[in-house]
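A.B. asks: Just passing along the structure, written as structure tokens.
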Amino acid sequence: MACLAATLGLVIFSGIMDLSAANKDPCDLYALVGQNLTLPFVFEGLGVHELRWTHNTKIIFYGQQGRVSHGKAEDISKTGSLSLKNLQFSSAGIYQADVVNPNRTLAKTWNGSLCVLDKVAKPQLTYICVKTSDVILNCNVANPQGLTFSWTLFMDDKTLISETKQTLSISLAQQKVVRSFTCSVANKVSKEKSDTVRPTCESPPPPPLFCLKSQTVLAVLAGGAGLILLLLVIIITLCCRYRRIRTQMRRRDQEGLSLNKLEPKISPVYETMHQTEDAPTVSQTSLPKDCCENVTQPEAQTENKPAQLSADAEGQRPSPVPKPRTKGPKTPNI
Ligand SMILES: *[C@@H]1O[C@H](CO)[C@@H](O)[C@H](O)[C@H]1NC(C)=O
Ligand SMILES: *[C@@H]1O[C@H](CO)[C@@H](O)[C@H](O)[C@H]1NC(C)=O
Ligand SMILES: *[C@@H]1O[C@H](CO)[C@@H](O)[C@H](O)[C@H]1NC(C)=O
């Protein structure tokens with residue numbers, strides 16, 4: 001049981017160790033292709049000691065007191081450091097130095113892993129305008145793995161460096177403040193800066209087609225609304241006028257009705273008196289009874305209807321005075 005627990009613990013421990021190893025920087029030293037590099041090993045008083053350099057366990061230098069069996073003496077400094085010339089990708093790996101005492105005991109050891117990297121290419125800074133709200137800048141490089149990005153934003157005079165992602169998203173409002181951009185891409189041994197880019201997203205709106213469409217849609221909507229409003233106003237005005245006319249007509253009708261009830265003969269006469277000024281013939285034809293009576297009146301003036309005649313005569317005389325109602329009770333004899 002204890003054995004199982006110990007095994008389990010060991011497994012877990014080794015797992016943790018693996019994790020920490022994965023997080024650890026894989027290289028102690030970084031160098032650019034074609035570069036000359038001196039490995040940082042120092043042993044004072046080399047003298048009679050043996051010096052051995054290995055690259056990935058292969059001996060590349062072995063010497064003692066000027067006797068060199070492997071490699072070149074000029075590659076080794078007085079303190080035992082190794083000079084590497086014109087580095088290639090094949091030069092990468094683990095280098096180890098061992099200094100051995102004359103009594104065959106180890107005096108000093110050193111090791112270090114070297115990574116050889118290519119120079120980063122100059123990035124191409126591009127941008128896209130996203131629906132009038134954002135500008136997305138992209139720092140384009142061929143192989144972005146393991147590279148670090150940085151941005152320089154030129155705001156009037158100031159320079160601001162904050163972002164470290166490959167893409168940078170800024171709002172149009174920010175874009176008005178920030179004049180121009182450069183992005184830089186770097187690996188452990190080199191850094192390159194893009195050309196300065198000044199995005200122009202607002203002057204020609206990002207998607208001009210969409211904007212045009214929305215504008216036309218807006219215009220059409222506004223026009224339609226205006227038309228509907230105009231129609232409504234017209235309809236309301238017409239309704240009000242019609243209503244006023246109707247109420248006026250109704251009132252007149254009611255007045256006429258009441259007059260007719262009171263004096264069915266006189267009121268038409270009164271109306272004809274008003275209308276005779278404009279169209280006397282129509283008024284006469286429209287009221288044939290009155291006409292007939294008027295016509296017959298001179299003939300039957302003598303004895304047939306003296307009361308009626310007097311009433312008519314009386315009705316005709318005050319007709320310019322627009323008060324037919326007051327006249328009403330005066331003629332109850334019909
Ligand atoms: C590397 O060293 C060699 C010889 O010492 C020299 O010719 C060359 O210019 C050096 N290269 C660099 C990049 O310094
Ligand atoms: C070997 O030599 C070194 C110095 O030269 C000394 O410090 C060390 O004690 C010696 N070891 C043995 C086992 O003799
Ligand atoms: C490098 O040296 C360290 C101690 O400094 C040692 O733990 C490690 O195993 C060595 N690596 C190699 C590959 O020899």
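The first residue you see is number 1, and the count goes up from there.
Just so you know, glycine gets a Cβ as well, placed from its N, Cα and C.
Predicted automatically and left uncurated, TrEMBL annotations should be read as such.
Okay, so TrEMBL annotates it like this:
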- 1-22: signal peptide (SIGNAL)
- 123-198: domain 'Ig-like' (DOMAIN)
- 217-242: transmembrane segment (TRANSMEM)
- 274-334: region 'Disordered' (REGION)
- 294-307: compositional bias 'Polar residues' (COMPBIAS)
A.B. asks: Looking at the domain 'Ig-like' (123-198) alone, can you tell me the average pLDDT?
C.D. replies: 85
A.B. asks: DSSP says what for the domain 'Ig-like' (123-198): how many helix, strand, coil residues?
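C.D. replies: Looking at the domain 'Ig-like' (123-198) with DSSP, the answer is 6 helix, 41 strand, 29 coil.
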